[in-house]
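Asks: I am attaching a structure below and will ask some questions about it afterwards.
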Amino acid sequence: MFSFHKSPRLFAATCCGILLASVPVVGSAEQAGHYGYGESATDEQIAAWDIDIRPDGMGLPEGSGSVDEGMAVYETHCASCHGSFGEGMGRYPKLAGGEGSLDQDRPEKTVGSYWPYASTLWDYIHRAMPFFAPQSLSDDQVYALTAYVLNLNYIVDGDFVANRETLPKVEMPNQDGFIWDDPRPVVNNERCMKDCKDEVTVSDSAEGKNLTPSTTGPLDEGITE
Amino acid sequence: MFGKLRRLNRDMSKVVLEESERLPSAERRRFLRSGLFTAGGVMVGGALAGIAPKALAGTQYPPEIPAWTRTLGPGVVADPYGVPSPFEKEVIRRNVPWLTADKVSSISFTPLQHLKGIITPNGLFFERHHAGRPEIDPQQHRLMIHGLVERPIILSMEDLQRFPSVSQVNFIECPANGGMEWRGAQLNSLQFLHGMVSCAEWTGVRLSTLLQDVGIKTEGKWLLAEGADGAAMTRSIPIEKALDDVIVAYAQNGEALRREQGYPIRLVVPGWEGNTHVKWLRRLEVGDKPWMQREETSKYTDLMPDGTAHGFTWVMEAKSVITSPCPEMPLRGKGINQIEGLAWSGSGKVKAVDVSVDGGQNWQQAQLREPVMSKSLTRFSLEWKWDGNPALLQSRVIDETGYVQPTLAQLRQVRGTNSIYHKNSIQTWQVNADGSVVNVQLS
């Protein structure tokens, strides 16, 4: 599913780091098990902690959840911060909308407009949500919420049921919107020393904008948006 | 042994009595009654510790003999764990209340304007939490290493400290440092503009040592690092980097990691985005593909003007900033002034820093202050004779790869204004005739 290639430039940087940092310090590579510290991790221990989900579905557990089931879970656990329609409350993240906004002046990066993989939604809800009680939802509830949030973004129909078979097949609208091969440096400045430009114009100043909290005295709690 | 201690106590009693004899008689009686000195010759350390600092009446400089010269201070272990002078109480991490929804998932900024070297004191290291800082009992904490390895293991913190250890000085910078300034000059403060970078000496075990010991299978190309906090923070890291200079750190500037920095263990990924230095590390999994986690897809990707985004932009490109003068530290007067600052690069060592006082028309090479280390903060300075006229100060770093720090205009031209992350452009400080300093942007 992934065709991810590292650029030659990155390899060069990595190689450079090895020369600088490692050679004088570390001796020859030790054999596996040379130190042998710690205890062997049992299958049961690994299964309990190994919660990551990949785009190809690796890691997804048994269970399932529908859009309708997700709506009830969402209203109870999510809507107070994310809004009933995923519109976001205050500074809490907006989950839905923003299609076509990424190249606009005020882009809205939501699950529907920005997230490249549906698996990330399951993974993140399960590991870190609800914000005030992470890892408290059942697998079925996480499937249901995933289905519901996808439906809020019109990515799946109302009769969609998320499970380990259906979820990896969901194609996200912005799946091809990313370049995973770091193209930097994208800017090349020159080290000019004399007469580098004809004129200097100040285009903006922070003076008088009144956005900066105090940097003296006790912590400044006073400035709010 | 106890005899020795008693002798020591007797000796100390003598010293205390002798000291008290130098005091005027009323003060001597008060001193001996104070409980600081007891019959057993044991000093009660905390007796004076609670006294709050207060401004003394009158001047204390020549020709006066200062009050603190004519009296005794608190004894040893008055502060069993030392703290800064109360006169430094304003030197603290600070946050921008309007920036985030909640302090639990937020950031605080290092007071760079007050720091004098390349090492950030542990209590002032910037914070970035996604679900607050957990209170972890190291006896109960475990690091699991599994996935495409020959021998999946669980390590206690004691196990981890049996491995050979290394120490290295590295900066950590949040890629959102300065990210509020893409559209215009907003904040008038070095602390809030650049304070999401800090630097420490980290001690721990090379990740390569751990991975070699468990044996990576040939298909193992990626590593997932996961924290034990309420965000269970995760990032995918390619195995080349993991085997290069990454360490599992348990110490910071010679003592156990601070809780805000991942106690009892964190990843240190030299030169890379702060977010990859996973704190409260609990799990390392080796795999054959990246996991595309929330922190590397939805966040920490750089939106370009055409609506596409760049992901896996791990390296923190070279950056520098003048720390004196700055908005918090104005110029004190005409004449000779030392322009000082910090430079760093995620690609290696700082090679040179240039300073301009005319908004980038002309540049002079500054002096680098030792030590100059790879992927570490580096100090620079330039002596400048200020004539009292307004000036536009800038610094520009060149790293050992030849990369030259860009101007904001150059960066905006390619990256637009919606990137959020990786804003490493040249900072301009406008010096006014009264010596005050303002954050400005040039077109």
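Count begins at 1; order follows the chain as displayed.
Here the Cβ of each residue, glycine as well, is placed from N, Cα and C on the backbone.
Okay, these came from TrEMBL:
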| type | residues | note |
| --- | --- | --- |
| DOMAIN | A:65-153 | domain 'Cytochrome c' |
| REGION | A:203-225 | region 'Disordered' |
| SIGNAL | A:1-21 | signal peptide |
Asks: Report, as numbers and ranges, every residue of the chain located at least six residues beyond the region 'Disordered' (A:203-225) whose Cβ falls under 8 Å of a Cβ in that stretch; write 'none' if there are none.
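Replies: Non-local partners: none at all.
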Asks: Could you please provide the mean pLDDT value for the domain 'Cytochrome c' (A:65-153)?
Replies: 97
Asks: Could you put numbers on the helix, strand and coil content of the region 'Disordered' (A:203-225), residue by residue per DSSP?
Replies: 0 helix, 3 strand, 20 coil
Asks: Taking helix as H, G and I and strand as E and B in DSSP, count the residues of the domain 'Cytochrome c' (A:65-153) in helix, strand and coil.
Replies: 40 helix, 2 strand, 47 coil
